[in-house]
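Annotation comment: Swiss-Prot describes His433 as active site, phosphohistidine intermediate. Marked as ATP binding site by Swiss-Prot on the basis of sequence analysis: Asn45, Tyr466, Arg562, His590. The Mg(2+) binding site annotation in Swiss-Prot covers Arg373, Arg403 and is backed by sequence analysis. Taken from Swiss-Prot, the feature domain 'PLD phosphodiesterase' covers 585-615, and the record attributes it to sequence analysis.
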Amino acid sequence: MGQEKLYTEKELSWLSFNERVLQEAADKSNPLIERMRFLGIYSNNLDEFYKVRFADLKRRILINEEQGSAVTSRHLLKKIQSKVVKADQEFDGLYNDLLLEMARNQIFLVNERQISENQQTWLKQYFKQHLRQHITPILINHDTNLVQFLKDDYTYLAVEIIRGQDIAYALLEIPSDKIPRFVNLPPEAPRRRKPMILLDNILRFCLDEIFKGFFDYDALNAYSMKMTRDAEYDLVTEMESSLLELMSSSLKQRLTAEPVRFVYQRDMPDEMVELLRNKLGISNDDSVIAGGRYHNFKDFINFPNVGKSNLVNRPMPRLRHVWFDKFRNGFDAIREQDVLLYYPYHTFEHVLELLRQASFDPSVLAIKINIYRVAKDSRIIDSMIHAAHNGKKVTVVVELQARFDEEANIHWAKSLTAAGVHVIFSAPGLKIHAKLFLISRLENDEIVRYAHIGTGNFNEKTARIYTDYSLLTADARITNEVRRVFNFIENPYRPVTFDNLMVSPQNSRLILYQLIDQEIIHAQAGESAGITLKINNLVDKGLVDRLYSASSAGVKIRLLVRGMCSLIPNMPGISDNIQVTSIVDRFLEHDRVYVFENKGDKLVYLSSADWMTRNIDYRIEVAVSLLDPKLKQRVLDILEILFNDTVKARYIDKELSNRYVPRGNRRKVRAQIAIYDYLKALEQPEQ
């Protein structure tokens, strides 16, 4: 069988994942406002796809053209464009349907032609008080270089300034980074109506306020547009430049990086479309999409809570881990037994509080932590600064190459350094994606270490919407190896060995191959054999091939893959024993769990790494084997709930059909709700 039939192209698989997000917007069992927010998530995801995946494909086409072999990549490009256009049409239909449903619930998202005289007066005043100072027209003439100063993924209004037979053009940036995209209008009778207007439409309504007195014109017409740039870097390793300087210049480069997508309002005049395409240097390989009146739907992720309470998800208050309530401080609790937290069901407050305590505890000598993506107002960063002020030896490993968070991380690195924190940057080309901290504490004249190993970032915001595990432990078998990981980060080319941790790029591929091969041996011997994986992405061909081999040997394999999946299940003789499902629901499934049957004595790993080549071979990632039988069983219980979902689970198949898993005669199980109930029962205080 040819290779092209053994794997799904990762780009098409990624788009299929985003179609599952669109399914959530279409799902009438979801609350109305949550459905509108899923449209925002879909749009945000698609922006990232073009910045990264599509841009990467464009580069491959350029490379292949030089080698005379770009046909396959161009064919994939056409498939992508066709798939996106089809999904966008569905998106537009869903948006219009949701507007009608909103109106039935007395929520009205109006345009500039649907407002009353009182609202018109109010809007002009609002424009003068809040908006005008943020609006400066960009006049388009022969010398205008739009590529240089148009911002990535901002929405602009392209304005026709018409006087007789003459037409001039200008652009207005919609300042949604400074003013809320949704503006509540004064209500009209009946008072229960809740009218809102988009910032875009306020600008359309106030065009005269912007141009009058500066231009002579007979008419002004405005059309929306946006541009997406290539988000990858040209990271050349200049030994005389520090990584911080290199990243800063890379960020500047992104501001002038090549456009990869141009989206414009469908009724924009052809002459204007051509002018903008030429000014932006949009090639035939770039994605040019005629869209609706509004772009940057990602702002709809924050669609306001208006109307009745049943229009949004019912609250799920985050759970406290009752074990911490039994002790004076977090260290006593963790020293007594390992603690496993599962967000967003558990509160992230336990981790924040532990680091706060460490910042002033006289017994704490040193803290080491790595940050990849932290919250905008990070309490973790504050704790590290306070710890340094309190005389602790604080080391923070800052990943400057965390895509889309580089600017924030550069800022944090400078703030930490100014506070006396020892800041370390990763080596160029070796991202640190592990989620670790290590606290060294003097207890009875001995140093006791406390470690955190997680699947997600130290981020208060994402911990409310991403599912992730945190293992907190004082077990020396693990803490000593976490210490070795930090030593490896500081000296990345020095050999180091691990027994209880799987560490990329050191040993992950080797260990994973060995674990899969061991299951093959067990299956061939007629013993209990199986593999269960929960990951975000599965696209590494070496690991996919190993899973195919295991399936062919009779190993039962269950995969829960949220995003990209190159593996094709149910191919006769190749993947008959592999089942792949995906869950998209109110929380983003983000944790990575690997389970190997091991003849009944299951091995359970929590990991920061997806099964992608970059994560296995080119990043620092950490997976930990759970040693506590109770915690191991808890993770296995949660996995069983996920694999028994009958509401939000879809099959991943060769056709990328996203068919829902049929319920049949099984009971209704919505996994995320069931997991919350399961953990809530465990966390009830003892009577």
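Including glycine, each Cβ sits where the backbone N, Cα and C put it.
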Can you tell which of the binding-site residues Asn45, Arg373, Tyr466, Arg562, His590 lies nearest to His433 (active site, phosphohistidine intermediate) in space, using Cα positions?
Arg373
Same chain, outside the domain 'PLD phosphodiesterase' (585-615) by at least 6, Cβ under 8 Å from its Cβ: which residues?
24, 34, 313, 342, 344, 431, 433-435, 453-456, 465-469, 471, 502, 504, 508, 512, 515-516, 518-519, 522, 527-544, 560, 562, 621-626, 632, 635-636, 639, 648, 670-672
Surrounding CB atoms that lie within 10 Å of the CB of His590 (ATP binding site), all protein chains:
22
Within the chain of Arg562 (ATP binding site), which residues six or more apart in sequence place their C-beta under 8 angstroms from its C-beta?
Phe17, Ile535, Asn536, Asn537, Ser582, Ile583, Val584, Leu588, Glu589, His590
Arg373 (Mg(2+) binding site) has how many other Cβ neighbours within 10 Å of its own Cβ?
18
DSSP says what for the domain 'PLD phosphodiesterase' (585-615): how many helix, strand, coil residues?
6 helix, 13 strand, 12 coil
Should Tyr466 (ATP binding site) be counted as helix, strand, or coil on the basis of DSSP?
strand
For the recorded positions listed here (Asn45, His433, Tyr466), tell me which residue's CB has the most neighbouring CB atoms inside 10 Å.
His433
What three-state secondary structure does DSSP assign to Asn45 (ATP binding site)?
helix
Any idea what DSSP makes of the residue listed as 'active site, phosphohistidine intermediate', helix, strand or coil?
coil
How big is the ATP site in terms of the longest C-alpha to C-alpha distance among Asn45, Tyr466, Arg562, His590, in angstrom?
15
